[in-house]
Protein chains: 4
Amino acid sequence: MSGSTLGHLFCVTNFGESHGPAIGCVIDGCPPGMSLSEADIQPELDRRRPGTSRHVTQRNEPDAVEILSGVHEGRTTGTPICLLIRNTDQRSKDYGNIVQTFRPGHADYTYWHKYGLRDPRGGGRSSARLTAPMVGAGAVAKKWLKEHHGIAFRGGMAALGEIDIAFEGWQHVPDNPFFAPNASQIGQLEDFMDALRKEGDSVGARIVVEATGVPVGWGEPLFDKLDADIAHVMMGLNAVKGVEIGAGFASVAHRGSMHGDELTPQGFRSNHAGGVLGGISTGQDIRVSIAIKPTSSIRTPRQSIDLQGQPATVETFGRHDPCVGIRATPIAEALLALVLMDHALRHRAQCGDVRLPVAPIAAHLPDA
Amino acid sequence: MSGSTLGHLFCVTNFGESHGPAIGCVIDGCPPGMSLSEADIQPELDRRRPGTSRHVTQRNEPDAVEILSGVHEGRTTGTPICLLIRNTDQRSKDYGNIVQTFRPGHADYTYWHKYGLRDPRGGGRSSARLTAPMVGAGAVAKKWLKEHHGIAFRGGMAALGEIDIAFEGWQHVPDNPFFAPNASQIGQLEDFMDALRKEGDSVGARIVVEATGVPVGWGEPLFDKLDADIAHVMMGLNAVKGVEIGAGFASVAHRGSMHGDELTPQGFRSNHAGGVLGGISTGQDIRVSIAIKPTSSIRTPRQSIDLQGQPATVETFGRHDPCVGIRATPIAEALLALVLMDHALRHRAQCGDVRLPVAPIAAHLPDA
Amino acid sequence: MSGSTLGHLFCVTNFGESHGPAIGCVIDGCPPGMSLSEADIQPELDRRRPGTSRHVTQRNEPDAVEILSGVHEGRTTGTPICLLIRNTDQRSKDYGNIVQTFRPGHADYTYWHKYGLRDPRGGGRSSARLTAPMVGAGAVAKKWLKEHHGIAFRGGMAALGEIDIAFEGWQHVPDNPFFAPNASQIGQLEDFMDALRKEGDSVGARIVVEATGVPVGWGEPLFDKLDADIAHVMMGLNAVKGVEIGAGFASVAHRGSMHGDELTPQGFRSNHAGGVLGGISTGQDIRVSIAIKPTSSIRTPRQSIDLQGQPATVETFGRHDPCVGIRATPIAEALLALVLMDHALRHRAQCGDVRLPVAPIAAHLPDA
Amino acid sequence: MSGSTLGHLFCVTNFGESHGPAIGCVIDGCPPGMSLSEADIQPELDRRRPGTSRHVTQRNEPDAVEILSGVHEGRTTGTPICLLIRNTDQRSKDYGNIVQTFRPGHADYTYWHKYGLRDPRGGGRSSARLTAPMVGAGAVAKKWLKEHHGIAFRGGMAALGEIDIAFEGWQHVPDNPFFAPNASQIGQLEDFMDALRKEGDSVGARIVVEATGVPVGWGEPLFDKLDADIAHVMMGLNAVKGVEIGAGFASVAHRGSMHGDELTPQGFRSNHAGGVLGGISTGQDIRVSIAIKPTSSIRTPRQSIDLQGQPATVETFGRHDPCVGIRATPIAEALLALVLMDHALRHRAQCGDVRLPVAPIAAHLPDA
């Protein structure tokens with residue numbers, strides 16, 4: 001395949017550019033018979049869309065999704081579902097000043113050398129705008145996973161720049177513009193972002209997402225392990241530079257006598273594994289953490305070169321997120337859902353018949 | 001595909017179990033005409049093989065590789081190359097005591113629930129022994145990448161448990177049993193491991209690998225980005241819990257004004273990107289860091305359950321690596337080579353014709 | 001993959017249903033830098049579209065194609081090209097009478113049992129209307145193959161029902177509604193079709209397509225041989241029941257001393273191979289013949305069952321092609337182009353470097 | 001993928017050359033828990049192996065299969081099954097006389113131009129010997145399909161050169177060296193072959209294979225239709241030039257009022273469809289017919305060129321099948337089994353949940 005399709009059995013093929021007429025995706029392999037309409041998808045797109053607070057890009061896109069195929073009389077037919085999102089707010093002139101140069105840290109240098117030409121309008125294909133169709137596809141996956149397995153998703157920001165965000169409860173996530181599972185630090189985060197915006201600079205973030213209710217047994221060793229496929233899709237998300245499952249890099253300093261999650265008839269005692277052992281789900285919560293780098297489109301002047309290879313100074317105006325991590329939570333949830341959906345189908349293809357006389361243990365000890 | 005094949009054009013299909021008659025792989029898609037013999041592959045396998053110091057498993061495997069196909073009169077023919085490695089030291093009785101229980105942190109619980117049965121001999125398919133054929137395939141990829149693009153690989157240990165290993169130079173790597181790019185801390189590392197072995201415990205590690213000389217332009221957005229595919233293969237390596245490209249998790253606290261690597265006509269000023277922007281290689285060194293958890297097979301007693309779901313205590317004897325990270329460096333290099341090889345072919349398939357009038361800039365400033 | 005994507009490197013993902021809002025496809029893997037606009041694609045769609053003579057369905061569809069992505073300032077960018085065709089003439093009521101029964105010889109029985117539901121509007125996904133996006137994608141492939149390799153395509157009808165159509169010259173194909181390479185039998189064919197339409201019956205056809213100028217060396221043994229992939233795509237075309245390459249079924253009665261095409265320094269003496277040996281192109285014309293069965297939607301009453309499994313009589317009114325073979329020529333050409341395009345890219349991925357000191361021989365002897 | 005892997009979920013990767021040390025395959029995706037040993041596979045290999053009558057090649061190969069992985073204590077583990085067959089009778093000198101020339105009708109011309117080198121030993125990779133591992137893999141698929149769905153396979157020769165072979169009953173197939181479902185024409189066939197052998201010539205054949213008991217619903221439109229995948233694998237078999245499903249090319253002259261198989265509550269009235277409608281199985285017998293061309297390695301002198309492009313005369317001695325069709329029946333059965341196995345798994349991945357209140361009708365009317 002040529003890189004724009006995600007998944008082996010629940011396949012999502014993405015198309016479009018930031019400032020072309022439309023973006024979208026084709027979902028091939030969705031099981032038939034599930035009720036589905038735009039109303040199931042739009043709320044997830046609304047969580048991701050720009051222009052919802054002063055801390056994100058002011059581009060004003062309704063991101064209204066249209067289902068073009070694969071649904072008949074309100075039910076999936078088992079045939080490809082095409083989701084279409086028209087681009088409406090395409091101020092290409094915003095980008096006029098960067099056509100002749102390369103932003104340090106941006107993909108426009110590598111795209112140019114790979115393809116021999118540039119689509120400078122909003123980054124073209126490299127824009128984070130292309131995550132919108134994935135959020136749409138993720139909504140379809142989430143619905144099926146919930147209905148068939150009771151799987152739920154949650155996520156939020158764990159760090160904004162150097163500020164660690166204390167976990168105070170998932171219920172706080174919808175109540176602030178940062179998707180922070182926290183109520184007490186929101187003022188601090190807002191002040192930080194306001195100052196950053198004034199400076200014309202940008203900052204990174206760390207996001208955590210979880211899936212609960214995943215059955216034991218999903219994942220396809222040797223190479224398409226569940227955690228491997230999660231790492232693939234997360235590292236493929238714009239601006240991500242690191243991925244952790246469970247204890248992640250903290251595992252380096254762990255001893256085996258402490259790291260391995262003990263099993264009891266009542267459930268697991270801990271979850272350093274992040275829900276995956278040997279590349280296969282354990283039944284525990286799948287827990288993923290990702291590092292997002294600061295946006296490369298900033299007002300602060302930086303040294304670069306132009307298309308002729310001569311020295312140039314770059315300042316990016318236009319409308320950009322000063323921290324792309326702020327809108328990353330619903331995207332990362334969607335990507336996790338897409339990986340799990342694919343593995344749900346892969347698992348039942350090969351091992352759908354397997355029945356053991358002993359039930360799996362619980363995800364947690366009752367009191368954990 | 002069913003999970004045991006890595007790559008899209010340079011495809012490596014892995015087979016075998018730790019204690020079956022043989023392990024191996026089939027490499028499909030190797031370009032024809034390259035000189036190749038076992039002598040090109042065996043040295044890489046020797047770097048990885050067990051029993052080379054007191055700090056790794058004492059299983060004694062020669063890991064002698066045999067080329068069964070795809071080479072005629074010393075040259076690759078363009079047809080599948082089968083590499084076979086016979087298992088010779090299979091003391092299955094070592095595993096007798098763990099057949100009825102599940103090691104905390106080990107894949108035997110998830111394999112059992114997925115497949116409905118267990119191959120307890122050395123972890124069966126989940127054993128790190130299955131990385132041997134990948135090291136063999138990686139040697140083939142390394143050879144082609146060197147001959148066609150001058151790409152070189154290097155790597156080493158950056159942390160052993162809580163001990164950070166200072167980088168003193170790649171030249172030290174072959175001179176110590178840890179693959180440490182360091183000469184001054186080796187005694188400390190040996191003492192640490194000796195103590196650990198006495199305790200019957202295990203520990204994690206952090207490994208860094210790099211590829212130099214990669215041309216600009218490799219990587220297939222949107223999903224098969226170069227860094228995404230690297231993350232996929234690295235997270236799929238046994239015991240890995242985290243993957244970073246370039247600055248990795250440190251990017252979270254970076255400002256955009258500092259993180260984005262400035263371009264000059266003479267070269268890049270820094271490499272926070274780790275050689276990848278927008279999922280496409282920049283021409284800089286590809287830099288990857290991975291976190292490896294502590295081995296789950298330890299002598300220290302731990303709580304678990306048995307096959308009937310009843311409480312049990314597990315102690316693992318047999319021959320196990322107290323730190324699987326020690327032998328991980330040549331494996332991680334091989335995996336990086338396999339990803340680059342696949343992308344070399346994918347790139348020339350789609351963009352082989354692209355020629356720009358301006359040359360790419362250098363990987364580094366001359367004085368960097 | 002889930003069945004709606006064709007190709008490995010030049011990947012076409014098809015979506016839509018006969019009577020949904022739109023049909024289309026996403027082409028992933030098109031090389032960058034080729035000039036492309038709707039004007040390059042529309043003429044091929046016009047060759048295929050319905051309503052152009054009294055011998056085909058009277059459904060009136062303009063089949064106007066819109067490029068939604070992958071083209072910037074008139075050139076392909078190397079990113080996915082989405083082609084969209086809105087459905088405009090959807091008289092779903094035409095199908096009211098067949099919702100409760102299954103047409104003998106039609107896919108509505110198998111679709112219902114596979115997916116558990118029916119989209120009876122024009123056959124839904126099983127409609128030949130879904131070939132329109134493939135003709136669009138084929139036009140893109142044809143353009144690239146012509147510009148890069150000088151490859152040309154031609155085809156026409158070789159038999160209409162029991163009437164064998166004598167080959168009189170490819171130049172006649174555009175001059176009659178049957179795509180017949182013949183000028184003298186057109187009256188006979190028209191009379192035959194007029195009579196058939198009055199009877200309310202349908203008939204089969206045989207179509208031949210050729211590609212000229214294909215270089216030696218394309219095709220990926222062991223399984224993705226060039227002829228194997230051609231057979232795959234042709235047998236996958238609606239109503240096709242047989243595929244031949246070169247001499248096809250006539251080869252059964254051949255002797256080896258006559259069948260094998262002799263080579264001379266000036267070129268091949270014959271082309272029983274149809275341009276493929278060992279699954280790899282020879283440099284000769286690729287020659288494919290396909291058998292198309294009669295349409296199953298006919299006015300003649302036939303025995304069947306209803307959704308409850310009870311006996312029923314089926315007569316199909318609505319607007320149907322009495323011979324789907326009539327419009328099959330441009331479709332078969334497009335499919336052949338898609339296979340060749342994919343193999344062009346696959347070949348240069350693995351063997352792009354191969355250079356022999358001796359040139360291939362010509363496709364034909366100069367006087368052949 | 002690079003062409004040597006067949007299937008999407010039941011994936012068979014083939015390796016080896018005719019005169020290398022070994023041939024074999026890796027089966028990835030076999031469901032776990034099925035009893036399996038070499039004894040389940042060897043009988044199918046014995047049906048195919050050379051040297052069993054004077055009408056086939058006298059190469060003497062035991063074709064003894066060894067299972068290297070994927071089976072533990074007599075049961076499949078769900079991990080890759082490697083089948084290995086050592087080559088034992090490699091008289092490479094037999095081929096000495098053809099190293100410098102190209103046999104008309106043989107793949108050695110195209111392999112040379114594709115890969116830039118030749119492995120002349122028995123055709124190397126293009127040899128029909130590489131079908132042996134597929135027969136082995138097919139035996140695994142047959143066993144699973146029989147145990148899980150009651151599917152059975154049968155096949156035989158329908159024509160040998162110009163001699164049509166009357167169908168007298170499948171029970172005759174094992175009783176003659178031609179796999180002919182016929183008892184009365186065997187003497188005629190033997191005389192024909194004896195004469196042919198004396199002449200030093202070769203001839204084509206037509207083979208029919210069937211699968212019975214296939215459930216309704218298998219096949220993945222739009223492109224991976226069941227019949228499309230069957231055509232792919234059959235046209236990919238050495239020497240095949242044509243593939244038909246059901247009525248095949250006879251459909252061209254059919255009327256729709258006769259061709260479409262009528263449905264009754266008791267079963268289908270006919271099977272022109274060959275068990276596939278819209279690319280999905282109907283529950284009827286899957287019926288496939290293939291045309292096999294005459295062997296290109298013959299003693300009769302023929303015109304060709306040498307490696308320098310100069311005129312040459314070719315006569316092939318060595319040990320060759322004068323009609324490769326004679327041994328093709330077990331191979332074609334195996335290939336059909338492999339396609340069905342893959343679709344069995346693909347179907348349950350996407351549509352495993354579908355349950356209709358009405359049962360499918362029978363494959364045939366009770367008296368048919």
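For all residues, glycine too, the Cβ spot is worked out from N, Cα and C.
According to Swiss-Prot, the protein carries these features:
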BINDING   D:Arg48, D:Arg54  NADP(+) binding site
BINDING   D:Arg125, D:Ser126, D:Ser127, D:Asn238, D:Ala239, D:Gly278, D:Lys293, D:Pro294, D:Thr295, D:Ser296, D:Ser297, D:Arg319  FMN binding site
Integer Å distance between the CA atoms belonging to D:Arg48 (NADP(+) binding site) and D:Ala239 (FMN binding site): 16
Spatial separation of D:Arg54 (NADP(+) binding site) from D:Ser297 (FMN binding site) - C-alpha basis, Å: 17
Field: Residues D:Arg125, D:Ser126, D:Ser127, D:Asn238, D:Ala239, D:Gly278, D:Lys293, D:Pro294, D:Thr295, D:Ser296, D:Ser297, D:Arg319 [recorded FMN binders]: greatest CA to CA distance in Å
entry: 44
Field: Rounded distance in angstrom between the Cα atoms of D:Lys293 (FMN binding site) and D:Arg48 (NADP(+) binding site)
entry: 18
- prompt: Among the binding-site residues D:Arg48, D:Arg54, D:Ser127, which sit with their Cβ under 8 Å from a Cβ of chain C?
  reply: none
Statement: binding-site residues D:Arg125, D:Ser127, D:Thr295 with CB under 8 A of any chain B CB, in sequence order, are D:Arg125
Rounded inter-Cα distance in Å - D:Arg48 (NADP(+) binding site), D:Ser127 (FMN binding site): 14
- prompt: Using C-alpha atoms, which one of the binding-site residues D:Arg125, D:Ser127, D:Thr295 comes nearest to D:Arg54 (NADP(+) binding site)?
  reply: D:Thr295
Query: Which of the three DSSP-derived classes (helix, strand, coil) applies to D:Lys293 (FMN binding site)?
result: coil
- prompt: So which one is it: of the binding-site residues D:Arg48, D:Arg54, which has the fewest other Cβ atoms within 10 Å?
  reply: D:Arg54
Task: Would you count the other C-beta atoms found within 10 angstroms of the C-beta of D:Ser297 (FMN binding site) for me?
output: 26
Message: Return the residues near D:Thr295 (FMN binding site) by Cβ distance under 8 Å, restricted to its own chain and a separation of at least 6 in sequence.
response: D:Ser202, D:Ala239, D:His320, D:Asp321, D:Pro322, D:Cys323, D:Val324
Query: What three-state secondary structure does DSSP assign to D:Ser127 (FMN binding site)?
result: coil
